[in-house]
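The feature active site, proton donor/acceptor is assigned by TrEMBL to Tyr1768. Sequence annotations record features per position, and here TrEMBL assigns FAD binding site to 1487-1493, 1500-1503, 1561-1567. Marked as substrate binding site by TrEMBL: Arg1705. Taken from TrEMBL, the feature domain 'FAD-binding PCMH-type' applies to 1384-1577. Taken from TrEMBL, the feature region 'Disordered' applies to 1244-1265. TrEMBL lists Arg1612 with the feature site 'Important for enzyme activity'. The feature transmembrane segment is assigned by TrEMBL to 328-346, 358-377.
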Amino acid sequence: MTAVTIPQMPMIPKSLGLNVVAIDIDPDTLDIKSHETIPWSPETKVLVFSHVFGSRVDLTSLHSLCKSRGVLLVSDEAECYSPHSQPLLPCDVTLRSHGLIKNYTAISGATAHINDPRLLLKFRAVHGTWRVSSSSSYRLKILKSSLLIILSNPTVYGLVLKFLSLLSLSHDSLITSLLRGFPGPTFLSRIKQRPCPQIVSSVLRLSLVYTNFESPSKRKINSVYLNSLLPSKSLLGTKVSEHNHWLHPYIPPSKSELVSKGLKYNFDITGGATQLVCIDSECVEAERFMKGVVYLPVSEEMGKEEIGRLAEVCKGKGRKGGYEVGKVFWGAAAVGVTVVWVRWGVLRSLVTSIVVNLWMLIKIGAVLFGGLTYYVGRISRRNYERKGKSKLLKHLKTGAKVTPELRIQEPESPQEENIILTGATGFIGRVMLHTLLQHSTQLNIKNVYVVLRSKKDKVASQRGAELLTSSIYSGLSTSIVTILQGDVSLPNLGLKSRPSTKITKVIHLAASVSFTQPLKDAYACNTRSTLNVVELCKSLEAKLCHFSTAFIHNDAKVYKQDLGKGWDAKAVQKSIETDCHYASKLLKSYPNTYSFSKHLTEKLLSLPGTSPKIPPLIIRPSIVGPSILHPTPNFSGSKGTTVTAGSAYYLSSLGSSVWHLPPNKASVVPVDLLVYYSLNKLFFENAEGTFNACFEKGVEGFEWEGFLEVNSEIGCLGGKDRGRVVLQEEVLCRTFSEEGGNDVEYYHDLYPVFLYNLRLTYLKLTNASKQTLDRFKKVRNFVDLPMLFMPFTKREFEFETDFKYSIEGEMYMVNCARAGSKFVGFNDEYKNVNVTDSRWSDLFWCLTMPVGNFWIRLVGFALVKILRMTTANVTVDVESFSDYARSASPDSKLILCPTHRSLFDFMIVSFITFSLPELKIYNPFIIADNQFSKLPLIGTICKGSGAIFIERGKGSKGVERAVKQVMCQRPVEVFIEGTRSRDRRFLKPKTGFLRAMLEVGGERDYDMLPINISYERTPEQETMASEMNVGQKKGLGIGGLVSWGWNVLSGKVKLGRVHVTAGSVVNMSKKSNLNHVAKQVQQQQMTGVRVSGYHVKALQQSLGIDEEVIKTSLEDLKVPFWEGDCKLKAPQSKNERWTLSLAVAHAVAPHVKSQEWADWLCSSRLPPPRNTSESVDAFVQAWERAFERAEHAVETAIEKLVKVGFEVDGLKVEHVLGYVEDRVGRPIEEEAVKIVLARQKRESRRVAQEQEPNAGEALAKSGAPIPTGQEEAFGAWGFADSKFVLDGKTVTLHSDRYSLGHRRLPKLVDFLEKEMKTKIDLARSVYPLPERVRVTPSRLPPAIKEGLMALFGVECVKTEDVERVRHGTGHCLSDVLKIRTNEVKRAPDVVVYVTSQDTVVELVKFAKSQRLCLIPFGGGTNVTEALQCPSYDVEPRCIVSVDMRRMNKIIWVNKEDGVAKIEAGATGRTIQEELAQMGLTMGHQPDSYEFSTLGGWVATRASGMLKNKYGNIEDIVREVVVVDGSGEIMWQHHKEEDQGKSFGRGSFGMPELKDLVIGSEGNLCIVTSCVVRVRKVPEKTEFSSVVFNDFGAGLGFMRAVQSSGLKPASIRMMDNAQFKLGQVFKGSEGGSGLKKVVQGAALWWKGIETSSMVAVTLKFEGSAIEVDAQQKAVSAATKDWGGLAGGGENGKAGYELTFAIAYLRDFALSFGLLAESFETFVNYSKLNVMVECVKQRVREAHVERGVCGEALVSARVTQLYEDGACVYFYYIMDSSGLKDGNRTFSEIEEIARGTILENGGNLSHHHGVGKHRAKFVKERVGGSVVDVMRGVKKEIDGDNVFGVRNGVFE
Ligand SMILES: Cc1cc2nc3c(=O)[nH]c(=O)nc-3n(C[C@H](O)[C@H](O)[C@H](O)COP(=O)(O)OP(=O)(O)OC[C@H]3O[C@@H](n4cnc5c(N)ncnc54)[C@H](O)[C@@H]3O)c2cc1C
């Protein structure tokens, strides 16, 4: 070791037991003086050369010297800090740092470059076993380094120096001690740590960055310049060719003096900054200069002058300057502080006041807002509860009803009628004219003369023309109408000429219905004009029909028809025409001048002088309201009646209406009733006298207060914020006071007008739309109407009348309100109420809605935002809910039954009930799947908003519990289809939950409200379409939701329109037929389905027919069409188009001829209509064509499959779909496969029954069926219906069995090519499956065959080649290759399927007597060539393969003791399934468990993945029952009857039978059954995963978990290559962009590099306590070893990947990629080294043999023990170009096995040896042990009946 280095350096070799010898160095060259001076010894192992003070010494000659002596040369270049790009000096190991020691190395330390590959391998292996330093140490380093970088700034540094000198502290020692950290005693343990991942990654980054650093040339120049100024004697390294001084070494006369002088002159001259020391005082030169050296600060920034000053200081002179920064700084700091201090006062108060005030404002605002919403919310709720059922909703759809029917009765002998009509432009006048025209023929009316005056520049004819062109007269003949210019206020009505025809009747309607008119004006309009009309009638001798008012009396209790005597009319008339004195007095007891003038008129008409000749008819209506039926429903004229106007006022000014109306019955009469009544009186009855045309006691059900409520509801449905309506109703509205009742002026100005103007101003200021302003202005004249109306509303009236009509008051109230809304221009449409309209404040809105708890409000708030962002609008057909409002019974429980097409459905229905309280449906309980409850936060929100979770598959208990919870008043939401329809078809309804409700609910009745939610696009549409491709549903996950949320925010989610509509209520009770009920509900839902252009487009693309045809047929099929949102992205794929097209499946279904397809389209379809249109036929035929095409494509695919050897019975949907070429679209194809397969199976059964009536019998004899071989693939691993398929470059596992099935893997080929550095030729088929199996023919003598058949039955004896070959092979590469290349040299001559222990005994005895060799066959899954037959020269006897798989029963189970006896031929799958039914598990789960058998496990000494919990097979098996070579049953110390005795551990002075049999590989006996340990199915199963930066850290973690004593049932670690493969297996759905970003960020934060990271997957099983404890232990170890948790989903995926890998190997074979796995056990101390060595050695062997590309070798640690672990290797080789790829592969595999053994690994951990590794056994176990075993064999099987010859039994 060179003498100058850091003091701790010698400790390292010393700790390894090496001696340290220091070598002196030359102060000029800083190199070893002469190589001769090196004290070499034979034991010299390493030479450590330190390049000090930034020097870089050439080591070329020293390196060759070391090499020649076998000494390792370590070059410590840490201080050279030269850019990375500089070539390394020649040496074996280089230590380097990247950047200035002071700063960057503080973060990362240094790196070691190991040039020798073998050394590197060993180093890595050792290094890998060290513990990882904690990430907190990294953070500390970051902090320190940041401080140092700040400190490097001269100003700051100057300040620190000054500060330290003020405190009389030595900056030198303080800073030095802080800078470098090589602590004393803990030094060794500290460096024997691996840096935590963050450090590793920062070193990597730094080394890359540092490569780009420019060489600090300026500093070099400065350094050279300084050298020139100083005496050369006092300088070090003057002869070094290359140096990089960052601190200039200099030897002054006095070290301490120069340091303090430096400080004085502001130079940071230090003595120990580098911490270099001379390690041995014997080295004179080094000792000398190290004692006196100081370091002069030379930086890039220094100019020549500065350097000169430094040199002067060194020479003992010195002048101040340069780093006077300290001083300057102090001065500047003082000034700065003063300035800031002075200013800060102002600034501070300003900032403080802003912050404080803002905060205060926020707080006040929050309190006010909170208080306001609380207050409004409470009132809103109170109102909601008080009001009961919504009147509006109830009557939205009802057609108006009047009894008796409205009709004009014909007079017996109708005379010719010519009528004069006044007031025809008024409200009643228009209806009167309409009715006259309508019934003109009936009434024999020849002419109607309408008297009109000129008005606003329009003459009568113009006004008349306008009148007659109004829409109500369209369709009526107006030819009998003549417009007469006139004026009722004038004598003779101002008529220029009278009509030429004889006038028979005059109907006088002209009046002024103003309640504020001065008396004189009212007299003129109402009385004088009537007197003029009377005069005219007199002269024409016509009958007068005069319209008065029912409120003609002053304060009577009952308003009689007879006026009574009362006052003197003539006197009153006189008074009005003069001073009004008398009249005014009388007026006071009348409500207004209108009723007074009408009273006066009537009185005058009864007086002799003023009465008409013909007794007149006087009709007295009460308040005239809009029509019910005629001329149109809700007709209210052009100006609005008083009722309409009031309603309009209230509606348009919901924010400023000011009057409460009292709860009195309204005396209103519909205009059409009035007119019909009057005309019947006039024409039919020819009545004379006075008649009250109104209801006797007002309208039943029509109350003024209720009328206002209906108006508010209309307003809210029209988009008014309910909160605001409530607020203004509460705060602003006044109840009328009797006192102020008539003081119109006072109220008018003070209150309503003021508020009206205020609101108008607000609307103007807030830029309200023109429509709103117009609407508002239109009601200006009505602001005080409610007040003027007060005399008619403040009390209830009673009239004497013969009015016989009756109407439903509530309904009429809704009519009036709707007329009002129409009048004011509101959209009177309740079919499309938009619930996402923008509001003043969504927050206020959601907080003030009447119903809903905190969560519901929160969800409401979030939803309104989300819906606005994602949808064009969400509309509700409020009208469709009116059936429910009418028919639902208050005692029944309401069940909302929405369609289920999206996860949105859950929210949409609740949202609607929340945002439309007018529906009067309380927020429902939602029955949801339990998986929602597991989503963090979402679960809580769902629960809070009323979700009740049921766990599927947990039987009826869960449902019952849920039902009990929902049995309160709140409605419940149930999806009748149970699950979400994934293609919009209506699914078969499910009745389970309904049944449970009926059972729990007793005698209760239920109202089921069908709801349809139509989406243009569902949020899941694309996912569903892609799920169809891969054939599996994605689970719910928070990740998916988060990324969906992100897409919403970024505006990527566009759903178009959403529409909700309800159907008619379906009743359900205990007596109901549930299937019928469910069907009815579904049919109601169907009526609500709507489609848009978007769907039509999809239909057009799917069916290939014209859009117009589709539209017309949809119309004919009664599927409502929507306008839709034109901005939607067109459907992308066929699947997606079908999911859209199937929205109309229910409408098409009844017309489709094929029953199967019709059922599929819609199982609860309606019967087909009798007549259809042409377009419907064309439409349906297009559907049928698609079905036929799909069926045809499927039939062709099945044919193909049958041709290659499949049987129709074994085919699965996925399988067939993989072969379909003519693609129609997944949903249709899938069904086509089912239909065709079912059809073909039916057909083949029928044929079979006809041909072999007794076919079933032979099988019936035995328990299990003979394995047909069809389930299992031949020549490849796994099930026949599961295999990888290539499509372009995308690989897909076609399988329904695995979660990975159907996932597209577009990157797999690229991954292999990249990792193996090869190009895979996807077109070539190197090892295809053989078209025909060829093997040496069976040599079984016919007699023996017959003997076997006689003994075991024909069906149990097989000699077909396929059977023989399969039974002579297992699943190792050589087996599979042999099958594929038809190179199986010898196969068993016959296969016998044994069915019981007795048949085994019989077979063995038969074999013994006939000299046959028996080879037991389990599942044939071994990977050791164990089933390969010995060659004829070794084994001349015929070979019988004994297939055990029909012996697959569980014989008995003793649950109490946890033991079971199981037949040896049972496969893992069977055992697992059957035990699970009893709630038990054996817990043995090798990756082959689907096919391998219990006997096979015993024979091979297998180990399963859950070994940590359940143990290996030897731990699980308690006893074995075997049949030996002479056919004897051996069962140690038990008989079958001993079932009650103990089966467990015993000590018998000898090994137990099972110990001999476990691992015997078919050499000794046949295992017929085993007693095994069984346990209860674990209470809890969880998965987890963790990633680590590298293999060593992962292993450290695994060991930590092992030593915690809390290891999970399974813990496996995949190395980096396997981890990457796992990522590739995530396929195209490998997580959303956001998820990847988050994952990337987490890895970055943890410093985990993807290029080295490894993944550990974990499976926890056991009780909740056990699992929790294990999870805690795992978390602690994760933290300790710098891991990052990867979640349960990844953990699960990791385990599932194992199953796919087995398929992958055989798939890759087709392209010439040979692969195999081999495993071993190794102690921990050797594990890392062994893994590295095997990998390295395989790679080398690969290269040595010239194999194409690179070897892909990866390792996985699978089973853990206290002392070591099981390691699996996977090796893949590209065989292209090789003559004999298989041989090369075997050679390399053997080399790998050798390397394993060399490095301390075992021959095998659990696969065994078979013939594959037989040659290694003897050496591993020792000859004598082998001899003992052979002796045992002789005893058990003396005749070698079991001559399989595995392992040592050659
Ligand atoms: C994809 C895959 C994954 C695997 N994963 C695992 C794993 O996780 N753990 C593991 O331990 N192994 C694993 N293996 C290896 C293999 O599955 C095991 O060795 C298994 O125990 C073999 O059982 P088997 O029933 O298929 O026996 P076979 O392959 O049929 O026979 C194996 C040997 O046992 C003898 N034998 C079979 N049955 C009896 C009997 N009743 N009496 C006497 N001798 C008998 C046979 O003669 C033969 O010598 C895997 C293999 C594959 C292909």
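Cβ atoms here come from the backbone N, Cα and C positions, even for glycine.
Nobody curates TrEMBL annotations by hand; they come from automatic prediction.
Between Ala1502 (FAD binding site) and Arg1612 (site 'Important for enzyme activity'), the C-alpha separation comes to 17 Å.
Around the Cβ of Asp1487 (FAD binding site), a 10 Å sphere holds 18 further Cβ atoms from the protein chains shown. Residues from the recorded positions list (Asp1487, Glu1490, Arg1612, Arg1705, Tyr1768) with a C-beta closer than 6 Å to any atom of ligand 1: Asp1487. In the three-state DSSP assignment, the secondary structure recorded for Ala1502 (FAD binding site) is coil. Using Cα positions, the member of the recorded positions Arg1612, Arg1705, Tyr1768 nearest to Cys1565 (FAD binding site) is identified as Tyr1768. Distance from the CA of Asp1487 (FAD binding site) to the CA of the residue listed as 'substrate binding site' is 14 Å. Restricting the binding-site residues Asp1487, Glu1490, Thr1493, Gly1562 to those with a CA within 10 Å of the CA of Tyr1768 (active site, proton donor/acceptor) leaves an empty set. Among the binding-site residues listed here, namely Asp1487, Glu1490, Thr1493, Gly1562, Asp1487 has its C-alpha nearest to that of Arg1612 (site 'Important for enzyme activity'). Note on Gly1562 (FAD binding site): other Cβ atoms within 10 Å of its Cβ, all shown chains, come to 28. Around the Cβ of Thr1493 (FAD binding site), the same chain contributes Gly1418, Gly1419, Met1444, Arg1445, Asn1448, Ala1464, Gly1465, Ala1466, Thr1467, Gly1468, each under 8 angstroms and 6 or more positions distant in sequence. Secondary structure at Tyr1768 (active site, proton donor/acceptor), taken from DSSP and collapsed to helix, strand or coil, is strand. Non-local contacts of Glu1490 (FAD binding site) by the CB criterion (under 8 A, 6+ apart in sequence, same chain) comprise Gly1278, Phe1279, Thr1467, Gly1468, Arg1469. Between the candidate recorded positions, Arg1612, Arg1705, the densest Cβ environment within 10 Å is the one around Arg1612.
The average pLDDT computed over the domain 'FAD-binding PCMH-type' (1384-1577) stands at 92.
The residue listed as 'substrate binding site' carries a helical DSSP state (H, G or I).
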